[in-house]
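*Asks:* Quick paste of what TrEMBL says about this protein:
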- 48-269: domain 'Histidine kinase' (DOMAIN)
- 287-397: domain 'Response regulatory' (DOMAIN)
- Asp337: 4-aspartylphosphate (MOD_RES)
Amino acid sequence: MNNRSKWSIRYQELEVENIHLKSLIDEHLEYRNLAEQTLRHNAEFLAMLSHEIRTSMNAILSLTALLEQTSVNTEQRYYLDLMNTSNVTLISLVNNILDLSKMEAGKMQLDHDPFDLINVIEDLLYSVSPRAFQKEVEVILAIESEIPLFVMGDALKVRQMIMNLVQNSIKFTHQGEIQISLLMLESAAELASVQIIIRDTGIGMSAKQLSHLFHNYSQVHESDDHHYGGTGLGLAITKQLIELMNGKIEVKSEVDIGTEISIVFNFKKYIEVPAIPFKKDLLSLMNVMVLDRNKTSSQLICNLLIEWGASVTYRLEMNDEFFEDIQESTYDLILIDLRTINPHLWEREKANLKKQPLAVLAPLGDKVEGEFKDMFKAVITKPIRKLHLLNGVLAVEID
């Protein structure tokens with residue numbers, strides 16, 4: 001066989017192989033297109049299903065809120081609090097699924113409207129903090145006075161992201177505290193660089209666990225996922241949303257020590273509404289005692305009162321020294337954390353306490369009722385909202 005014949009045979013063999021390869025490529029392309037189409041259909045179905053569930057859940061949330069405004073007894077109020085916690089958890093899960101489907105379909109869009117950042121953070125904490133307080137975990141909110149009143153952005157997405165992170169902290173924190181801080185990093189004429197820090201004293205994470213913290217469907221505490229629950233979606237979606245907003249997220253954690261999550265957003269200020277500063281001398285004539293077993297919470301409250309001009313003393317324990325102090329000194333107001341009260345000493349000193357100007361700091365979900373409530377001139381709910389604290393103190397002063 002001459003060379004020409006050999007080349008001819010080889011050419012024919014290559015032609016056959018090319019035809020076979022082309023057939024395989026076409027087949028794989030068909031499978032890929034089918035897979036992409038299936039993925040799109042699944043994403044669209046998830047989006048539709050999530051939307052339908054969310055619509056129903058919003059109705060349940062609204063009806064629960066209306067029911068809370070009616071006359072309910074202590075037991076019914078407890079069940080309503082549980083309903084609210086479950087509702088918030090479920091709507092958060094639905095929002096995560098809906099966002100995941102939008103991101104996979106490339107259809108995620110962000111709003112750019114004015115919103116009250118402080119109010120968004122305060123409201124979401126009120127919706128989830130009862131779950132923490134049920135575990136005897138303190139929830140503390142610290143907001144720098146320089147934070148602008150209104151910023152431009154997507155309020156619902158900001159709420160969803162912070163909600164995911166705070167819920168995660170509550171889930172994995174069984175003692176101690178969770179502190180949420182809003183700090184002003186940089187402020188220009190139209191821009192505000194705001195840092196939100198969520199710090200807890202929870203079970204923490206190892207370096208290996210941190211490495212896949214933001215992966216879809218990943219749970220860093222896999223051996224305990226039956227105990228803790230969760231889908232592993234919240235943190236992954238949170239990171240994607242933050243990056244979509246040109247923000248930045250960093251996580252530090254130590255096993256058995258706790259976790260600190262830092263988020264930085266660069267918001268455009270809504271300059272049509274200027275911030276309303278609190279006067280520095282609002283409480284300049286007041287002498288206040290703060291009794292709170294949590295040192296971080298106590299220091300935060302004291303700092304706010306001092307910022308408004310009050311003279312402040314604080315104690316961390318209701319003991320004989322506390323009662324000696326309030327007998328020997330004259331206080332215009334004594335702020336008492338509900339869970340710091342020593343029942344035995346309270347009963348023993350009730351007659352003297354009735355002569356004092358008292359206000360109670362009550363964790364959200366704890367009830368202050370009947371004769372006990374009558375001992376206090378004001379009830380201030382925890383987590384402390386700056387305006388609520390000021391209004392409560394002023395109400396006692398005016399009274």
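From the backbone N, Cα and C atoms, a Cβ is placed for every residue, glycine too.
Automated prediction, rather than curation, is the source of TrEMBL annotations.
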*Asks:* Summarise the domain 'Response regulatory' (287-397) by DSSP state, stating how many residues are helix, strand and coil.
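*Replies:* DSSP composition of the domain 'Response regulatory' (287-397): 52 helix, 26 strand, 33 coil.
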*Asks:* Asp337 (4-aspartylphosphate) has how many other Cβ neighbours within 10 Å of its own Cβ?
*Replies:* 23
*Asks:* Across the domain 'Response regulatory' (287-397), what is the average pLDDT of the model, as a whole number?
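*Replies:* It averages 93.
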